[in-house]
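Peer 1: Would you mind keeping the following structure in view while I ask a few things?
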Amino acid sequence: MRWKEQLLELKPYQPGKSINEVKRQYGLAEIVKLASNENPFGSSDRVKTAIADFNGQFSIYPDGYATELRSKLANHLGVKENQLILGNGSDEIIQMIARGLLSPGTNTVMAVPTFPQYKHNGIIEGCDIKEIPLVNGAHDLAAMAVAIDASTSIVWLCSPNNPTGIHITDEELTNFMAKVPEDVLVVLDEAYFEYVTAEDYHDSFQLLNRYKNLIVLRTFSKIYGLASFRVGYGIANEETIAALEPVREPFNVNSLAQAAAIAALDDQEFIEKCKMANSAGLQQFYQFCDQAGLEYYPSQGNFILIDFNADGQDVFQFLLERGYIVRSGKALGFPSCVRITVGSMEQNTGVIEAIKEYLRVHTPISN
Ligand SMILES: *Cc1c(COP(=O)(O)O)cnc(C)c1O
């Protein structure tokens, strides 16, 4: 068959090990998964109630416009309803944007390492990929601006960046936007927005008023704890949203997911609690790393990238055998690191104890 040639070089997404698989393999009773930046506190109790009370008919298609969720979300964010596009996770919005703007002969600019879906979707659309290395875990916006040429269709920015947790400052983003030609779309992925505490974090809504070529992505998968429901959204100028809408599948956000997201939005107290617990959790990791002499990237997300100065895969395996699933930095472009999702205080203490054990038996190779 005549598959797109570029598909031959692509691997399907490799999901992390399942909890049951690890339990069986290592004979462990308890597993703590700190690998996918999921919320350790789950989601608001209101979501459980909303799902239990869900009385929609399963034979009826979802509301394709997600009217109620859209209205709640617009109200919550302080934007107009037609400034929003909803997706089956923000992954789907990334796919829609790539599908709408990229094709052979165009190119797209992004950082490296960053969230892999930008590149993945660019390759599927057959465009050229321009990857600009991070500097100390941060986007090199000056070099990214220089990389934009007449064939560039999209620039992807991830702030805080996955996997480093480093954010782009307001000043940096404002200066960058001024340099981007108005026919190049800037996609600003704010998947971890609700966790951010930095005071100089960008005010992207301010910029949305000025620039039609900016779209901000957010998700219910991270702090809202609804990863299994798949709800993400984009916020942009209404004309940009109108241009993108035809790419969207008609019923892309299912009825249960809409009900769950509506209920989750209503409980901002839960979000505030999770944010505070996350900040405290990051402090636990910082303190430990400082004491142990481990380097790390200070994070604005709910994860931390720690440099072990060793093979990240070995550290991953060591922790796995002790019941902690983390992400090896190998696949993330940081081979000597692991990325750990900030868990509950108890989970953080547990994984830190396991790391201490690792450090006792492994003398790090100094560089
Ligand atoms: C987790 C994540 C997403 C994907 O979120 P979904 O809404 O679950 O598809 C997007 N971008 C970044 C940077 C992420 O870390």
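From the backbone N, Cα and C atoms, a Cβ is placed for every residue, glycine too.
Unlike curated records, TrEMBL annotations are generated automatically.
According to TrEMBL, the protein has these features:
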| type | residues | note |
| --- | --- | --- |
| DOMAIN | 30-355 | domain 'Aminotransferase class I/classII large' |
| MOD_RES | Lys222 | N6-(pyridoxal phosphate)lysine |
Peer 1: The residue listed as 'N6-(pyridoxal phosphate)lysine' has how many other Cβ neighbours within 10 Å of its own Cβ?
Peer 2: 26
Peer 1: As a test of reading the model: what is the averaged pLDDT for the domain 'Aminotransferase class I/classII large' (30-355)?
Peer 2: 97
